[in-house]
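As structure tokens, the structure follows; a few thoughts come after it.
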Amino acid sequence: MALERLFRRKRPSGGNRDVPELWTKCEACGAQIYKKEFQENLHVCPKCGHHHRLPAQERVAMLADPGTFQETTRLRPLDPLGFVDTKPYVERLKAYQAETGRPDAILGGTCQIGGVPAVLLVMDYAFAGGSMGSVVGEEIARGAERAAEEGRALVIVAASGGARMQEAALSLMQMAKTVMSLDRVWARRLPYVSVLTDPTTGGVTASFAALADVILAEPGALIGFAGPRVIRQTIRQELPEGFQRSEFLLKHGMVDRVTDRRRLKEELVRVLRHLHPGVAYAPGV
């Protein structure tokens, strides 16, 4: 019995439960990736190049010049309709806020991108699927107005499932509001660049995201209005290979360039320096 107790396999103690996982798995190829390498590679799989979703804070750190970002998005959502589905909307909001640390599905502010003054707005898919409700629409409108007033470029990184159903018509009206706000940017002849990431769908695609002077997209991003499953069921036909992915949209003229995330800032700087009226463009930059 003594020998049996000596060699009996011990179960791990509860003290190891708080030790962070060191590895993550690629959603596309299944490769095991060291987490530190994964984060340093901006959540892009080093084996197959699959672009995983990137938190809004990391996206801002990736694009804004160090030390220049000043956050302006502080609005908090309300529940004017008293909406309840399987649970009250206010409870869903509290859960998303606790999970993301954000008041709503957008993070934005003023910054410089490659020395070019800009308003940068990044949608956060982790918050209610990046859905556009009253707060997201208002923050985008205010961001566009700020860009026009201060002579800044406007850069919006989209990641959204579309309009927020819990806000009904109040959500849908944000489509018109965001589009109208862009007029002020264009009136000042300032550049507006849209970056489409996985996924960009619904009312976001059908409004401000598709109206930029230059539209960049990340590789493999799902971009469209309705999803492929809904379209397939509606038209009762098989869809083309890669339908609604960024490479397919590039081929058919909906986006201007598909850019690897690791080179996205470089591409963005080149575009902004070329288009911003207050910045002298240097060939080769």
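Any Cβ shown, glycine's included, is placed from N, Cα and C.
Per Swiss-Prot, the features are as follows:
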DOMAIN    22-285  domain 'CoA carboxyltransferase N-terminal'
ZN_FING   26-48  zinc finger
BINDING   C26, C29, C45, C48  Zn(2+) binding site
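Feature map: Swiss-Prot annotations on the structure.
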| residue | record | Cβ neighbours (10 Å) |
| --- | --- | --- |
| C26 | Zn(2+) binding site | 18 |
| C29 | Zn(2+) binding site | 12 |
| C45 | Zn(2+) binding site | 20 |
| C48 | Zn(2+) binding site | 13 |
Notebook entry, point to check: Residues sitting near the zinc finger (26-48): Cβ under 8 Å, six or more positions beyond its termini, same chain?
Noted result: 20, 54, 58, 62, 260-262
Margin query: Within the zinc finger (26-48), count helix residues (DSSP H, G, I), strand residues (E, B) and coil residues, in that order.
Written below: 6 helix, 4 strand, 13 coil
Next item on the list: Around the recorded Zn(2+) site, report the further residues of that chain (criterion: Cβ within 8 Å of the mean position of the Cβ atoms of C26, C29, C45, C48; site residues excluded), sequence-ordered.
Entry: E27, A28, G30, A31, I33, P46, K47, G49, H50
Item checked: Reported mean pLDDT - the zinc finger (26-48) -> 96
